[in-house]
Amino acid sequence: MADGKGDAAAVAGAGAEAPAVAGAGDGVETESMVRGHRPVSPAPGASGLRPCLWQLETELREQEVSEVSSLNYCRSFCQTLLQYASNKNASEHIVYLLEVYRLAIQSFASARPYLTTECEDVLLVLGRLVLSCFELLLSVSESELPCEVWLPFLQSLQESHDALLEFGNNNLQILVHVTKEGVWKNPVLLKILSQQPVETEEVNKLIAQEGPSFLQMRIKHLLKSNCIPQATALSKLCAESKEISNVSSFQQAYITCLCSMLPNEDAIKEIAKVDCKEVLDIICNLESEGQDNTAFVLCTTYLTQQLQTASVYCSWELTLFWSKLQRRIDPSLDTFLERCRQFGVIAKTQQHLFCLIRVIQTEAQDAGLGVSILLCVRALQLRSSEDEEMKASVCKTIACLLPEDLEVRRACQLTEFLIEPSLDGFNMLEELYLQPDQKFDEENAPVPNSLRCELLLALKAHWPFDPEFWDWKTLKRHCHQLLGQEASDSDDDLSGYEMSINDTDVLESFLSDYDEGKEDKQYRRRDLTDQHKEKRDKKPIGSSERYQRWLQYKFFCLLCKRECIEARILHHSKMHMEDGIYTCPVCIKKFKRKEMFVPHVMEHVKMPPSRRDRSKKKLLLKGSQKGICPKSPSAIPEQNHSLNDQAKGESHEYVTFSKLEDCHLQDRDLYPCPGTDCSRVFKQFKYLSVHLKAEHQNNDENAKHYLDMKNRREKCTYCRRHFMSAFHLREHEQVHCGPQPYMCVSIDCYARFGSVNELLNHKQKHDDLRYKCELNGCNIVFSDLGQLYHHEAQHFRDASYTCNFLGCKKFYYSKIEYQNHLSMHNVENSNGDIKKSVKLEESATGEKQDCINQPHLLNQTDKSHLPEDLFCAESANSQIDTETAENLKENSDSNSSDQLSHSSSASMNEELIDTLDHSETMQDVLLSNEKVFGPSSLKEKCSSMAVCFDGTKFTCGFDGCGSTYKNARGMQKHLRKVHPYHFKPKKIKTKDLFPSLGNEHNQTTEKLDAEPKPCSDTNSDSPDEGLDHNIHIKCKREHQGYSSESSICASKRPCTEDTMLELLLRLKHLSLKNSITHGSFSGSLQGYPSSGAKSLQSVSSISDLNFQNQDENMPSQYLAQLAAKPFFCELQGCKYEFVTREALLMHYLKKHNYSKEKVLQLTMFQHRYSPFQCHICQRSFTRKTHLRIHYKNKHQIGSDRATHKLLDNEKCDHEGPCSVDRLKGDCSAELGGDPSSNSEKPHCHPKKDECSSETDLESSCEETESKTSDISSPIGSHREEQEGREGRGSRRTVAKGNLCYILNKYHKPFHCIHKTCNSSFTNLKGLIRHYRTVHQYNKEQLCLEKDKARTKRELVKCKKIFACKYKECNKRFLCSKALAKHCSDSHNLDHIEEPKVLSEAGSAARFSCNQPQCPAVFYTFNKLKHHLMEQHNIEGEIHSDYEIHCDLNGCGQIFTHRSNYSQHVYYRHKDYYDDLFRSQKVANERLLRSEKVCQTADTQGHEHQTTRRSFNAKSKKCGLIKEKKAPISFKTRAEALHMCVEHSEHTQYPCMVQGCLSVVKLESSIVRHYKRTHQMSSAYLEQQMENLVVCVKYGTKIKEEPPSEADPCIKKEENRSCESERTEHSHSPGDSSAPIQNTDCCHSSERDGGQKGCIESSSVFDADTLLYRGTLKCNHSSKTTSLEQCNIVQPPPPCKIENSIPNPNGTESGTYFTSFQLPLPRIKESETRQHSSGQENTVKNPTHVPKENFRKHSQPRSFDLKTYKPMGFESSFLKFIQESEEKEDDFDDWEPSEHLTLSNSSQSSNDLTGNVVANNMVNDSEPEVDIPHSSSDSTIHENLTAIPPLIVAETTTVPSLENLRVVLDKALTDCGELALKQLHYLRPVVVLERSKFSTPILDLFPTKKTDELCVGSS
């Protein structure tokens, strides 16, 4: 209570503490009072305490309750208690002290009503009283105290506690609890003290119960009792507890315990974990408590750990504490020094050594000099990563310790100088060396000689040389070499350095200008000599930068074995010159002439030449500046005149701010993306940077160029402003001339300063820094200089010299660079005069204001907005000769029929520019009548139609349409809306079209009609490939009367490099046919660069066209195509061309020495390139051979027919112009992919014998032999052709960036197939989204709808159309299957009429098995061949002229190779690919099946063979996979089980093949084992899965299986499998009104009414076997027929067998029920019938059903319980219940021999969810596998056989469910409600097992009065 109030508080505090000190202090704290050693004897005087306390209480009662009275009472109470408790005999009488505390507590409790808590001493006295009593109890054992003492104490304590509780004081609660339980008898406490593991919750509960104070008492008591381990355990738990807020006391107790345990490695590690500051606090506390020894042990231990771990945290404080404690405990100085030496040995840092030296000097002074020197030596020897400053401090320390030893001081100073060379250090070293030497006095030396020698050796270890025998001059020279980095040689120093200034000047002059010529050497020498003479007098010592640079480069002379600096190599070589012969000191070559020797020596020099003053020299000597500007601003004025002249000569070559003023770029702050095909515009530069990094990383040449130009920017060293080029920087640096070059560029503040620091200080004083753009008129202001520089850079970017070639967006600020770039595109005219555009600057300047008067237009274009040549008529990027223009004008007046206008030809100046991105009209920016303005950033490609522009308005040039619009945007909307057939922008990335430059001549041309020709297609069957095709435009001129208007032909642009390459190659083979004036290429396109601007070559080729008359006929271009060499070398100057890519690859490798990796990165090798194109079906091939084979096989083109076609076509060349109708027909035929390309005709194809297009002529002269191949199905062959052309025009999609489109239905080719829904979409994604959102389709059903949509789009292109014959239905289909499905879905056509519908198409190819009694029929020969090899063992050579027909989803394509078929299935029918060609993961995807017991040929009769044959014939219908021909013998199940380990902890899968002993853990592993080891195919594994995969689970007991009893079971199971063979039932017309879901069920054809009912579960079909069978219709009529039946020797009782229902995604019904978790899709009633009956009608033969029937299923519909008709297992179950009521005694007829063995399925338990599971009963005498009762339900279910439900068939007769409900209600008392829910949600789970309870089974079934029972009554 030292913190109490006033004197009274102090007295009370003393008194409160006194009981603990007096009673427990004299007694408890002594070790003699430890429990068991304290005598128990009564002590006199305790009786006098009661009256004293009563008197105090009486006095208190007489007074009013106040703070003063309470304070007085507490003071008197403490004094009285101290008087009695401090009796000198009290410590020997525990009973006496216990009585004292009892009375004191009782008295205080009775006085509590008269005390107030406003007095702080009240609670304080009570708390101290409780603690003192508890401390006494810790030392007393209950057994030591007599009952007459202990019991009254407990009773009094409880009464006092109750009294205090009335006033809210529960201080006695802990004491009462402890005394009742026993002070040391708490079970948790006992566990802790016995060091047993304790739960954290229990520890926290104990801590919360007793509190920190009581626990501290316990720990102190344990320490006093020397119970160190117990105290350690308790204190550690308290220190780590989160229940105690302040754990410092417990931490200290824990550390104290650890110190008591030393030496102990674990204790040392625990101490080392504590933070150093906490350790220091604990040391201080221990010292204050008088525990110096513990504090010293702790300090020594922690300091040792710090020294060993090199930790310097609080190292000085720790070392100081240690020294004080060491000296206090052991005053001996020698011991202290020895300990310091020991610490120095283990120290690893110099900081620790310094701390030790300091405490030694403090404690020992001169006596510790030797140890201090020893520690210094140790510090010098440490090779740590500490800085050199610390070692210099060590040297200074040594010099201070030994001030009289001159040699040591010299060594220390030299070491310090060598570590940190400085002029001051050199001066001090010089002073020491100038002092006279001293002789070492060994006798009077302060340190031993050995230690001194060790010190000198440690110092010399830091020297790069050994100056022991050097004089001061030599050492001084070496020191000067080191000082050369920061100091120069003075005049005095140079005298000893043998270096003349003339030699160095000659050397520097030579190093600077040797490579540029020697004509100015004399001038350079004189100039530099003068400069150095002027500066030499002013130089202080160590101020030359030249010498510092020289010292960095040295060479080793082989002649004199010395090292010299390279700057003196010539001077050094003179030493070795003899008889006029020069010897190279580096390579010892000899030269007779100096002119040859000097250049040779310079080759060895690595030092860079000094070019400090080159710019001044060159200006004076050469008159031109090519170097950098002088660094000093003062050197600039004298060059201003030359710079100005220079700038005048260069200014016209660069874009400058003065030229930007005329471009109307003011107040524009937009950043368009420079990337190819990207028209994004950003309002901030940072977003452009992010966009470039994300979208145009490494594959965009234009983006790379932009970044390169950005990196070329220069920065001013004075104002940090950025400039576009070095020219702009030089032009700007004139601003910084003068003595104050640093300038503040903020608005209205142009203060100048002489240093950058002054400028920075000035900027800090600015309130608001605002920077304005330098462009006059631009008022945009920035607060950040970086943003300003980006803004100004964009101004230059907008007005730069920009290349306008297609695909090239490169820009330049210099016209020379721009012209050099254009030369890369080979666009120079024949005379090479590319500077015509420069000459036309003046004329173009006059048009600038008219051309560009809206700055926002520049927002969308980065193109040629150069002021000088903005719109030049003969620009370098689109040049046409005058002769060409005149020819075009003449042709417009003539009657020529066709004029070829290429997409990249010279007609680029006639383009119609598409929609602008902004809303400004074109009338403000239109040029004169002779020019067309073309903004370059377009969202859409130009359309291919004729549009006339007369300078003021746009006029539509189509027949009968003369609409006029003011701007291009309105014209484009008109074209999209009114002429959608011709305006067909492809879905390609938005790409900037470059503006065409205007033509000088006023041309009047005819209307151009564009006919796009598809360039390329791919051979891939992927529907996603080939969507984006590049259109080759052929503009055919017609004489239409629009000659007075200038025509503008806009052509579509390709968007990818590979298709552009194809387009360029096509240009080589084009000819200008059907015209009087023909054009031919004067040159060939050979040397194309590989950059992104490949179109530029085509432009240059077209621009060089020379039109001349050609009277002779052109040769066949098809033959020219076949003779072409499309793969050409991309290097400039190399004209090699090759037919194949491989040949080009070898050319690069051998001719140009490219690596293969580098070649594969070239453009030609990056893309799929198919240059050889079929002119009929537009398919492309990579080889000419493939194209010839295609012509021969697909189009039956031979040499005779080709010759005939050529003759006819040549006649057409001279017949004159084609008719307009014919031209339109050709155009629509070329478009070909759009269903609405000709609205009057359903389909339009060019006739092969007519000259429909120029491409027909190309292939008309093929000279290959004719071999007509047998195409069995015209539909199939045409379908393959359609697949090849998929996407050229049929899938029109819209680019993302377009504005609103006004499109009608004809331009939305993706239509919804629902009858009442007229929605149509522009792309497939929109249609799919429509199906899923509007019609609630799920993902699995979209496959069929997608095919329907494609079928509808391909309707126009089909050769043979199947039209629906119903009235008011004009739908047409590609194949008979689609028609049959439509009739069944839409017109309720019964499936009986299906053969009539299917007969229209004729069977493509039906292959019947030729073996007797085998009804199998196949569609493909491979299936028949497979069937013959597997079923009939016919392995002879089977010849085939047949092909593989794809019958999935109604597809009729034919393939001759299996690889092509597999690729087709992967792309077109991907859902079936896994089932047809890839092994499934059986463990995750197959249902639980019943076990097919091993096949034994002897026990199986003819019936089993028939069953196996029928199974095989159906399981391999769609397989097309060959299996192993050799028969494989399998083990029996018993043999397989004996291979397994009986007590294995995991599942086991033994190999069932005879002779193989493999046992694996996973099902996938055994499947892989069969495939790899036994070469089994996937189809065979699927068939034999249950025989081959046997799962032995954990805990399975392996027992003997009696073979004699297993055989009947095998036989019966096989018989039941045979009986469950699939049958197809006829559906009566009367049932057609009710939708029927696809089910696969079988019923016995005959029912014996007298036969006794028996419930019997049998084997369920293999899920994959069912998967290949087709959908079946369930009907309970008597007309049931079976195509294949098995003869059963012993007919078993009637049994209902169920087959699994394939769910909509093709898997088994295990996942079928899982799909119910999704929302049930809504579907119309007609569509429900459509789905259900469509699969019925597609079944042509029961033995061959296309795979599609298992994928496309009807929608899961809501289930009406009234219409529920149980069948299969449910039916038999109900029937069994009903019969059991009538014939209860029939159960006696059950025979155990007919019970099948328990199925051991290998499926995982995950597939069990939602399945009907039937578990066959196990015979007692024939158990195969015993299931432990402890196994979980999932483990039991894994061994059960799955029987999927069949509950959706709807008929009129509905049996009652009451019996079933009653049975469930009575038998399943605990789960009846759950069972009803399962039935309600169509997910019943019924498990039949052997009864495990004693209740007779008859008692479970209802009585006759079932109506009286209610569901759920139990």
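One-based numbering along the chain as shown.
Every residue, even glycine, has its Cβ placed from backbone N, Cα and C.
When the residues LYS1052, LYS1346, LYS1762 are compared with Swiss-Prot, the one annotated as SUMO2 cross-link is LYS1762. In Swiss-Prot, the entry for SUMO2 cross-link among LYS715, LYS986, LYS1696 corresponds to LYS1696.
The SUMO2 cross-link entry in Swiss-Prot, when matched to the candidates LYS622, LYS989, LYS1211, corresponds to LYS622.
Record check of LYS1184, LYS1597, LYS1611 in Swiss-Prot: the feature SUMO2 cross-link is attached to LYS1611. Taking LYS391, LYS839, LYS1571 one by one, Swiss-Prot attaches SUMO2 cross-link to LYS839. Residue-level annotations in Swiss-Prot identify, among LYS185, LYS269, LYS1423, LYS1423 as SUMO2 cross-link. Noted from Swiss-Prot: of SER41, SER1273, the annotation phosphoserine belongs to SER41. For the zinc finger (1362-1387), the predicted model reports an average pLDDT of 75.
Helix, strand and coil counts from DSSP across the zinc finger (1310-1335) read 10 helix, 4 strand, 12 coil. Contact between the zinc finger (714-736) and the zinc finger (771-795) is present: at least three CB pairs lie under 8 Å, with pairs separated by 6 or more positions in sequence. The DSSP breakdown of the zinc finger (1172-1195), given as helix, strand and coil counts, is 11 helix, 4 strand, 9 coil. Residue counts of the zinc finger (1362-1387) by helix, strand and coil are 11 helix, 4 strand, 11 coil (DSSP-based).
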